[in-house]
Amino acid sequence: MKTLLLTLVLVTIMCLDLGYTIRCFITPDVTSTDCPNGHVCYTKTWCDGFCSSRGRRVELGCAATCPTVKPGVDIQCCSTDNCNPFPTRP
């Protein structure tokens, strides 16, 4: 009887939606942070006045949907844990 009860408890726990949250890197600290359920991670890059000497500006974050950006701004969105690491310079 105890085995049956334990099995039912385990199956119930496995079948419940436990409110999975995604982990995304967030700037300025580039730390991995829990984001709300259903959000996506993003990496946004663009050039400013110092692009030739410092490289592209980078913003990492999470949002309910992939953000809309202006022309000249690149964005990549993803939906797995820590899928938006700080880009390496070529």
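Placement of Cβ uses the backbone N, Cα and C atoms for every residue, glycine included.
Annotated in Swiss-Prot:
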DISULFID  C24-C41  disulfide bond
DISULFID  C35-C62  disulfide bond
DISULFID  C47-C51  disulfide bond
DISULFID  C66-C77  disulfide bond
DISULFID  C78-C83  disulfide bond
SIGNAL    1-21  signal peptide
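Annotated features taken from Swiss-Prot, shown on the structure.
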{"residue": "C24", "record": "disulfide bond", "Cβ within 10 Å": "26"}
{"residue": "C35", "record": "disulfide bond", "Cβ within 10 Å": "18"}
{"residue": "C41", "record": "disulfide bond", "Cβ within 10 Å": "27"}
{"residue": "C47", "record": "disulfide bond", "Cβ within 10 Å": "14"}
{"residue": "C51", "record": "disulfide bond", "Cβ within 10 Å": "11"}
{"residue": "C62", "record": "disulfide bond", "Cβ within 10 Å": "20"}
{"residue": "C66", "record": "disulfide bond", "Cβ within 10 Å": "14"}
{"residue": "C77", "record": "disulfide bond", "Cβ within 10 Å": "17"}
{"residue": "C78", "record": "disulfide bond", "Cβ within 10 Å": "15"}
{"residue": "C83", "record": "disulfide bond", "Cβ within 10 Å": "17"}
Three-class DSSP assignment, C51 (disulfide bond), comes back as helix
Whole-Å Cα distance, C41 (disulfide bond) to C62 (disulfide bond), is 4
Taking only the CA atoms, the spacing between C35 (disulfide bond) and C83 (disulfide bond), expressed in whole angstrom, is 13
Disulfide-bonded residues near C66 (disulfide bond): from C47, C51, C78, C83, Cα within 10 Å gives C78
Cα nearest C62 (disulfide bond) among disulfide-bonded residues (C24, C47, C51, C77, C83) -> C24
